[in-house]
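These come from TrEMBL:
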BINDING   Lys64, Lys88, Ser348  substrate binding site
ACT_SITE  Lys100  active site, proton donor
SITE      Asp140  site 'Important for catalysis'
BINDING   Thr188, Asn219  NAD(+) binding site
COILED    353-387  coiled coil
Amino acid sequence: MLDNVMRQFDNAAEIIDLNPNIRKILEVTNNELVVHFPVRMDNGEVEVFKGYRVQHNNALGPYKGGLRYHPTVDIDAAKALAMWMTWKTSLAGLPYGGAKGGIQLDPFKYSQAELERITRRFTYALGDNIGPELDIPAPDVNTNAQTMAWILDTFMSTKAPAERSKNMHVVTGKPIGAGGSYGRDRATGYGVFLSIKFWAEHKKVYLKDKKFIVQGFGNVGYWAAHFLEKAGASLVAVQDAYGSIANDNGIGVEALFEYVQGNKNGIVGFADTMPIDNSEFFALDCDICIPAALGNQITAENAPKVKAYLIAEGANGPTDVEAEKVLLENGVEIIPDILCNSGGVIGSYFEWLQNRNGEIWQLEEVMEKLEKKLRTSFDKVREISNERKVDMRTAAFIIAIERLEQAYKQRGIFP
Ligand SMILES: NC(=O)C1=CN([C@@H]2O[C@H](COP(=O)(O)OP(=O)(O)OC[C@H]3O[C@@H](n4cnc5c(N)ncnc54)[C@H](OP(=O)(O)O)[C@@H]3O)[C@@H](O)[C@H]2O)C=CC1
Ligand SMILES: O=C(O)CCC(=O)C(=O)O
C-alpha cells in the first residue's frame, strides 16, 4: 500500500510541479510511534501486543484517522493509511491532518473482555501522543463505537477531574450515549452511496435496477448497500473474510445483515445464494463494484476481468496502481477512496465539533450537512478532472496537495 500511495502522490506532484521543498515534507511522515504493551488474557497468561500510530502531517490541523485491529497492521500499512488520511481531510476541506494506527492482531481470537483490556492498555501506551487537539482516532477495520468508548474512558481517567469533560473529542465514532454523533455509524457508507449518486446524476445513469457487488459487509459495505438498495439498485454478490455469495436476482441487504449477526461464518450460507469462488468475485457481471474491505484487492491480475463500469472505493487503497491503469484503459471509472469514503471523516468532524461546542445535532441535520460537504468535494474533483484532463483520483490528489501547498506558502514556509 505504501508503494501505491507514494506513486499516486508522485503522479499528482509531477503534474502540478509541486514546490520541491514541500514535496520533501509531504513524502515523509512526521511521527511514527510503535508500542509494545502487555495484557493479561482470560486464562491468566500475559500476551505482549504491538500497536502503531503514525502521524503523517498536521499542517491543516490535528492529526485524524482510524485505528485498525488486524493481522496485516504493520508500520508500512500505518504509514500508507496515514498519508491517505492527509489527502482525504485536505480534499474534504477539513481542519485536520492525517494519521492512522492500530494493533497487529486477529481480534476474532479474543474475548470481548480481552479486547477491552487490550484497547485500554493500548490507550495507556499511546498516552499523550493522542489528544482532542493533537491526534484524534476513530473506528476502522474491526474497531467500532465500543472500542472508541473504551479509549475515551481510559484517556479521560488519566486526566484531572476538572479536565475530563474537555477531552470528550479525543476520539470520534463513539456510541451516542458517550458523546457520539447521530449518523457517524452510517456516515462512510452513506458517503459511498452519495458519491455513486452524484456520479450517476452527472452521467445521466439511473440507479434503479442497476446491479452492484460489495466486498466487505462490515460498517462501510453494509451501509453503502443499504442506501443503494433504497435507491432501487440490486445487490447481486457479496464477499467477506469467510467467502463469497451471489444471486443475480438480488440479495436482500437487511435480511443478510440480520443473518450475519447470528452466524459464525459471516455471509456464507445465506438463503437463496450460491457460494462462488473468491477469485471470481470481481469478474462477476454487474454495473457497480464497491470494494469495502482491505487494500490491494483489485490487482493487475483480476482488473482485466472486471465487468463493472464503475468502481466506488469504500475501502482505503483497494485498487493498486497497475490495476488502475488496466481499468482506465478499459473505460472503467473509479471514484477514488479519498473522495468516496470521506463521508466517515466528515461525520467524525461533525462529532468533534459538537463535543467541542457542547451541541447535539439531530440525524437529519448531520446527513444534510454531510451531503452538502461531499457534493462540494465531488463537484470540485469533476471540475479539475475536466480542466486538467486527468482521472478522478489524480484530480482528487491535485486538489488535496494544492491545499497543503497553499497553507505552507501562506505561512511563509518555502514561498
Ligand atoms: N469505518 C469507517 O468509518 C471507515 C472505513 N474505511 C475503510 O473501509 C474499509 C472497511 O472498513 P469497515 O467497514 O469500517 O470495517 P469492518 O471491520 O466493519 O468490516 C470489514 C469487512 O471486510 C471484510 N473482510 C476482511 N477481510 C477480508 C478479506 N480478506 N476478503 C473479503 N472481505 C474481507 C470483513 O469480513 P468479516 O466480517 O468476515 O471479518 C468485514 O465484512 C477499510 O478499508 C477501512 O479503512 C474508510 C473510511 C472510513
Ligand atoms: O473518522 C475518522 O476520523 C477517520 C476514518 C478513517 O479511518 C478513514 O477515513 O479511513
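Glycine too: its Cβ is placed from the backbone N, Cα and C atoms.
Nobody curates TrEMBL annotations by hand; they come from automatic prediction.
Using a 10 Å Cα-Cα cut-off around Asn219 (NAD(+) binding site), the recorded positions Lys64, Lys88, Lys100, Ser348 reduce to an empty set.
If you measure from the Cα atom of Lys64 (substrate binding site) to that of Asp140 (site 'Important for catalysis'), you get 12 Å.
The two recorded residues, Ser348 (substrate binding site) and Thr188 (NAD(+) binding site), show a Cα separation of 10 Å. Among the residues the record lists as binding substrate, namely Lys64, Lys88, Ser348, the two farthest apart have Cα atoms separated by 13 Å. Cβ neighbour density within 10 Å is lowest for Asn219 among the binding-site residues Thr188, Asn219, Ser348. Those residues of the chain, other than Lys64, Lys88, Ser348, with a C-beta within 8 angstroms of the mean position of the substrate site C-beta atoms are Gly65, Met85, Thr89, Ala92, Leu94, Tyr96, Gly98, Ile136, Ala138, Ser342, Gly344, Val345, Ile346, Tyr349. Checking the recorded positions Lys64, Lys100, Asp140, Thr188, Asn219, Ser348 against ligand 1 with a 6 Å cutoff on the Cβ atom leaves Asp140, Thr188, Asn219, in sequence order. For Lys64 (substrate binding site), the number of other Cβ atoms no farther than 10 Å from its own Cβ, over all displayed protein chains, is 29. By a simple count of nearby Cβ atoms, those within 10 Å, the most crowded of the recorded positions Lys88, Lys100 is Lys100.
Residue environment of Asp140 (site 'Important for catalysis') contains 26 other Cβ atoms, counted within 10 Å of its Cβ in all protein chains. Rounded to a whole number, the C-alpha distance linking Thr188 (NAD(+) binding site) with Lys88 (substrate binding site) is 13 angstrom.
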